[in-house]
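Working notes for the structure below.
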Amino acid sequence: MQRKENRYGETAAREGKSGLRAVFTATEREKGYFHHRDSADKKNAGFDSQTWLLLIVNGLFAAANALSGTFVNVYLWKVKNDFALIGWFAFAHQVTMGLTFWLAGKWVKEHNKMHSLRLGVAIAALFYSLVLLLQQQAVDYVWLLGIVQGLSSGFFWLAFNVVYFEVTSADNRDRFNGWAGLLGSGAGMIAPWISGWLITRLPGTSGYRLIFAISLGIFVVGVVVSFFLRKRKVSGKYEWAHGYRSLAKRGSPWQRVFAALIAQGIREGVFGFLIGLMVYIATSNEMRIGNFSLATSAVALVSFYIVGKWLKPAYRKRGMLIGVIMMIAVILPFFWKVNYTTLLLFGIGVALFIPLYIVPMTSSVFDIIGQDRESAEHRVEYVVLRELGLNFGRMFGTLAFILVVSWTTAPAAINWLLLGVGSSPLLAWALMRDKLTPAQSGKSR
């Protein structure tokens with residue numbers, strides 16, 4: 001669930017991506033690789049069929065999660081009004097996802113990474129099967145559910161990010177991220193509205209069971225579609241300590257990048273599950289959640305398209321700062337009142353400006369991964385390092401949330417918490433600002 005911020009225009013263009021289209025397999029082919037790659041990309045920065053298939057699988061994953069993701073938290077809340085319970089569910093997900101990334105890295109680098117992607121989708125189907133089976137007893141198994149969902153996210157996003165890295169380049173990376181955000185926003189616009197409509201029209205918890213079953217079906221379709229993605233070539237051995245060595249190396253760009261990723265994760269860890277729940281608490285109506293997602297994701301759909309198409313690498317630094325400032329500013333109305341109007345203002349504001357933050361942040365990190373041959377050969381290790389940074393931040397933010405709500409659930413305390421964790425992207429920008437331009441991110445290979 002923490003990966004689904006695109007329900008409110010907060011994707012992750014999903015959540016992590018970048019590129020090199022070929023895999024380094026033979027020394028002869030590696031010679032002159034970067035020179036050939038640059039000239040080829042200038043001629044064609046478009047997408048091939050495998051790139052479009054990857055986007056389709058990502059879209060199905062996003063659609064299934066958008067259909068039910070928010071409503072899992074609402075379902076748990078309706079059974080037991082406990083903020084800390086929701087927080088621990090999110091924390092179990094985040095811890096498991098981070099561990100899965102680290103442990104599965106060897107499998108993805110040395111064996112078939114497509115199996116990891118399919119397994120992630122299949123485990124997501126298992127998650128919703130468990131929710132359907134447990135029904136209201138799900139509140140007694142939040143750690144189990146969080147672990148299962150964390151396994152799903154870990155296996156899927158590790159493979160997705162590595163394949164994304166291999167099928168895109170620095171020339172079309174922003175465009176891919178824009179399309180990923182566009183598809184995520186489209187799913188976030190339609191799916192939650194359908195869910196809210198079904199839940200409010202069907203008696204009792206029948207609507208919840210139906211949308212969880214539909215999500216299960218979409219994940220099954222996602223597994224089938226993933227078989228049309230070709231098996232990727234493998235190269236090299238997985239180095240368990242490579243990430244640590246990158247952080248310990250004097251002058252390594254990853255020291256600042258890793259800290260920036262932690263800062264990015266702090267916000268994601270809380271906002272990813274709390275905003276949808278706040279909409280339900282303010283309205284006691286699932287249909288209002290659907291309307292909220294419809295409005296905010298419609299704005300995000302347009303803004304992701306615009307940013308993905310027109311934001312050039314030269315403007316990343318300024319664009320990201322504008323996005324960060326506005327993302328913080330839209331939190332301030334909560335100090336006046338938390339109601340559907342201020343939540344909608346927040347959601348639309350975030351949807352409008354978060355692409356200016358997410359697209360440069362994501363693209364720049366993966367540009368650094370692809371800055372030279374040595375770095376690209378360790379792309380799996382760097383993707384794992386990136387996700388560990390994000391998950392450390394998410395866990396920190398979620399633990400802060402649990403600590404606050406265990407002490408008090410007063411609106412003022414929660415508002416200050418939101419402002420605190422919601423300001424962490426400013427730190428991410430400060431740490432990344434010197435690495436947002438093409439020359440420094442390694443585009444000039």
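Note that Cβ sites are derived from N, Cα and C of the backbone, with glycine treated the same way.
Positions annotated as transmembrane segment by TrEMBL: 52-77 (among others).
If you look up TrEMBL, you'll see 83-104 (among others) marked as transmembrane segment. The list of residues near the transmembrane segment (83-104) in space but at least 6 beyond its ends in sequence, with Cβ under 8 angstroms from a Cβ of it, reads 1-2, 73, 76-77, 116, 139, 142-143, 145-147, 149-151, 153-155, 157-158, 269, 272-274, 277, 383-384, 387-388, 391-392, 394-395, 398-399, 401-402, 405-406, 409.
Sequence-distant contacts of the transmembrane segment (116-135) (same chain, at least 6 residues past either end, Cβ-Cβ under 8 Å): 57, 61, 64-65, 68, 72, 75, 104, 107-108, 141, 144-145, 148-149, 151-160, 163, 205, 209, 212-213, 215-216, 219-220, 222-223, 226-227, 229. What TrEMBL records for 116-135 (among others) is transmembrane segment.
As annotated by TrEMBL, transmembrane segment applies to 141-164 (among others).
Positions annotated as transmembrane segment by TrEMBL: 176-198 (among others).
Positions annotated as transmembrane segment by TrEMBL: 210-229 (among others).
Outside the transmembrane segment (257-283) by six or more residues, the chain places 1-5, 7-8, 10, 12, 70, 73-74, 77, 86, 89-90, 94, 247, 289, 292-293, 338-340, 343, 346-347, 361, 365, 368, 385-386, 389-398, 400-401, 417-418, 421-422, 424-425, 427-429, 431-432, 435 with a CB less than 8 A from a CB of the stretch. The transmembrane segment feature in TrEMBL is assigned to 257-283 (among others).
Feature annotation from TrEMBL assigns transmembrane segment to 289-307 (among others).
Counting residues 6+ beyond its ends, the transmembrane segment (319-336) has Cβ neighbours under 8 Å at 307, 311, 342, 345-346, 349-350, 352-358, 360-361, 412, 415, 418-419, 422-423, 425-426, 428-429, 432-433, 436 in the same chain. As annotated by TrEMBL, transmembrane segment applies to 319-336 (among others).
Feature annotation from TrEMBL assigns transmembrane segment to 342-368 (among others).
Long-range contacts of the transmembrane segment (388-407) within the same chain, counting only residues at least 6 positions beyond its ends with a Cβ under 8 Å from a Cβ of the stretch, are 2, 16, 83-84, 87-88, 90-91, 94-95, 97-98, 101-102, 243, 257-270, 272, 274, 413-414, 417, 420-421, 424. The annotation transmembrane segment is assigned in TrEMBL to 388-407 (among others).
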